[in-house]
Structure formats: structure tokens, C-alpha cells
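Trainee: Once you've had a glance at the structure underneath, I'll fire off some questions.
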Amino acid sequence: MMTETMQALRDLQKKLYAFQFALNVIDFDAQTVAPSESYPGRGEALEVLSGIKYSLIADPSLPALLEKARSEERTEQEAAEVAELQRMYDETSKIPAQEYAAFVKLTTAAVNAWEKAKAASDFSLFAPYLEQIVAYRRRTAAYFDANKAPYDVWLDQYEKGLSMAQCDAFFDQLKAVIQPLVKEIGQRGAKIPCDFLKGTWPIEAQKMLSAAVMKLMGIDEGHCVLSESEHPFTTEFYKGDVRITTHYHEDDMASNLYSVIHEGGHALYELHMADRLQYTCLSGGASMGLHESQSRLCENYLGRSLGFIRSLWPTLTELFPAQLAGVTPEAFYKAVNQCQPSLIRTEADEVTYCLHVMVRYELEKRLMDGSLAVKDLPAAWNAQMKELLGVEVPDDAHGVLQDIHWACGDLGYFPSYALGTAYGAQMMASMRKELDVDGLLEAGNWAPITGWLEERIWQYGKEKTPAQLLQNACGGAFDPKFYTDYLVEKYSAIYQL
């Protein structure tokens, strides 16, 4: 039987859930259907709601309640809830209430400015907001640990225990394999025909494809809806209401296809959490890296596989008969796996993708230590893209303004994409020991695959740490070599190296 103390903590968690639900509704509405000039009123509402949520989690009486709960008999889940609430209190209460709420208002205006700047391909329209965001992140990092580098503080917020030293070692390990592989593909790789991916792909047909893909993945349309936004994203309200978005390009069907699979991976994670975690602080991904591992796993290890493409082929050829006339599943597979250094992270191939993440990581380090001024960011971006990917950036929209993350204040998030990609490779290696993944994908049977992930990852939410979940799924600690080995094996076969 639950103690009175634990019941009081459950009541608090329900209130926090309710406020977060309201905040998520406003945010989802803002990025999908709200008028472009509606942000001032929305910012005021978010500031008030965020302030009330802050007062709940930073309540001075909470530590005593948590201490009392620790002295009483608890279940394993209740102990995890107490630990997570303590973490939330420790981190939230360090930031003054006024600053906490003001930052929410700032990022609301920043996202609006970013959208306008991207549409105009003019970084100067966004720069004043980013300057305030960087200043806030540098200043408030000291509230957490004045002796730690500000960027280390924020890396740790997105992936517990992560530091620049760890990221540097991780990215060095990836670069040692990826850069020579890109060079070898460019010099010796067989030519892959991709011209058929260009042309016109009617939006209505793409929408039908999106619905078919979500159904194939086993995403229940009664609990998950697909909308449109400038930058694809996923918002989870609870396991019965998860919303994803995509962005349709009439000249690029593959962009939407893999956005839907990527966001669908996020959705599957949220839709399959244990019922017992709902309305508690343990609902949600174990970390940003773990969440990205599921989206990247679905997008690349499953979605860019030949088996999946074969299963989707009847739908693709029915919806796009003229565009795919004379094209085989094998040719399509090679085309969507082409290795070609490019400008846009979300559309990058598997080999070069993490180089895009490294560009952002290196720039964030410099922004956070003060060695790079925001006004100089476009030039620094272009130089990093030239150095790491060998591409010339034509304008701000295809360069420094392509991602929404900095407008949202998410400095320190980008490494999660690379970590998640590598986590996913290790999970797939373990899954393949138990399941005929390629055969299941070709048969259009995702259920055993999603069942494997639900059993080992999804059901636990934040109840287990990323390290515990990797141990649970893979039987060992994180090892990026699974990812680099996967890239070498797959692309050596595609390019006949």
C-alpha cells in the first residue's frame, strides 16, 4: 500500500504532468497552425504557466518530503520517482524563478525570429535573439557548477555524465573511420544512379505514403497524429497522445519519407512506455541520446535497409508510377544510401551525418567559452562545413539557419544525435543475434522488432539509466565500434570497395 508521503509526491507529479501537457499543446500549436505574428501573446502565456510549474518543482518544502519518502518503505519504481524528483528539484531550484520564466518567453520569440530569418536566408534577423540565448546559457551554467565549463554543464543536462572530454574522444574515434571512408568512396566507389530521385513528387501522394509508412511501422493512428511544420519534430503528451510532424518538399520525396520514419521512431518509444509510468516523472525517454537512438535506428538501420524498401515497393510504385518507372528496389536502396557530402544535416547520408553533428558541436563549444561571437557564427559555420565536409555553403538558410535547436535554447543537444546513432548500431547488432531482421522487414512484419525494443528499452521510460538500458539490450557497455564497423561493412558493399 502506498504511503501518504508517496501519495503526496504522486499528486505533485500529476500537477507537473498537467502543466507540461498545457505547455506542449501551446508549443505544438505554435509550430503547426498558429498565426506567424501570434508569438507575443503566446510568450506571455508560456511565461506564466512555466512560472507556476517552476514553483511546484522548486517548492522549498519538497526536499523534506523527499527525505521522508526515502526513510519509508518504497517499491523500486517509487524509489526511482523520488530520485528523479530530487534531480528535478536540484536542477530547477538553482535557477531564479524570474530568469527561468523569462527564458521561456525569450525562446518563444526566438523561434519566431528564426522562422523569419530562415525564410529570408538572413542570419542578422535571428542573431540578437541567439546572443541573448547564449548569454543566458553561459550565465546560468554557473548556478549548477561555477567550477565547471558552461558547455559541460549543458551537455550533462541532455545526456547525464557527458562532457566535452568524452565528446572529443567519441568524435575522434568516429572521424578516424568516417573521413577515410568518405575519401575512399569518392575516389574508388562505384557510380550510383540517383537522378530518378529528382523531379516532381505530388504532395498528396506523399501524404498517402506517410500514412502507409506509419501503418507499416505499427503506429496506432488512434494515438498518434502526423502534422506539418517547418522543422519535423515529435511531441509526447502521454502514451495515448503522441504527435509528429514532417515537412513536404515536392522535389524531394525521400526527405519526407525518412522524416516520418525518424519521428515515427520517437513516437514508438513514447507509445510503448509502461502504463504504470504514466503521469509520473519517469514517463519519457531515458535521455536525449536514448531517444535519438530509437529515431535513428528506425530511420537508418530499418528504414534504409533493402528489406524495408522491398516491403514498401508496391506502395511506392502505386503512388509514384511515372517517377519510379524502370527503377528496382535494389536501385532505390542504393540511391537513398548514396554517400555524398551535402549541406543539410537532416538529409545527410549515414556516413557523413555525424560530420554535420561535429560541425555544430565545435561551434557550440566556441560559443559557450566565448571565443566565438554570435555575429561571426555564419562565417565560422561555413568554414567548418568546408573543413569537415568539403562543401561550400551558398546562403544562411542552407547553412547556419537550417536547424531550430538554437532558437529553442538547446545548446548541447546536437551530440545526442551522434550518440543515439551509435547506440542504435549496438542495439541492432544485438537484435540481429535473436531476430531475422531483414526477413521480418521484407515481410512487412515490424511487430517482433518493436516487441524486442519495447521489452528492453521502451517500457522503462526514465526508470533505468542509458547505461542500464544498453546493458539490458546489448549485454555490455557502450562501444562506438559497432557503429563504425556497420558503416564500413554496409558502404563497402554498396560501393564495391
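Quick reminder: no glycine exception, Cβ is built from N, Cα and C everywhere.
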Trainee: Which of Glu230, Glu292 shares the Zn(2+) site with His262, His266 per TrEMBL?
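Mentor: Within the candidate list, TrEMBL flags Glu292.
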Trainee: For Glu292 (Zn(2+) binding site) and Glu263 (active site, proton donor/acceptor), determine the Cα separation and express it in whole Å.
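Mentor: Checking the Cα atoms of Glu292 (Zn(2+) binding site) and Glu263 (active site, proton donor/acceptor) gives a distance of 9 Å.
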Trainee: So if I measure Cβ to Cβ from His266 (Zn(2+) binding site) and keep only same-chain residues at least 6 apart in sequence, which ones fall under 8 Å?
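Mentor: Spatial neighbours, sequence-distant, of His266 (Zn(2+) binding site): Thr234, Glu236, Val242, Ile244, His291, Gln294, Ser295.
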Trainee: List the residues in the vicinity of the Zn(2+) site, defined as same-chain residues other than His262, His266, Glu292 with C-beta within 8 angstroms of the site's C-beta centre.
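Mentor: What remains near the Cβ centre is Thr234, Glu263, Gly265, His291, Gln294, Ser295, Arg296, Cys298, Glu299, Gly420.
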Trainee: Through the lens of DSSP with three states only, how would you label Glu292 (Zn(2+) binding site)?
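Mentor: The three-state answer is helix.
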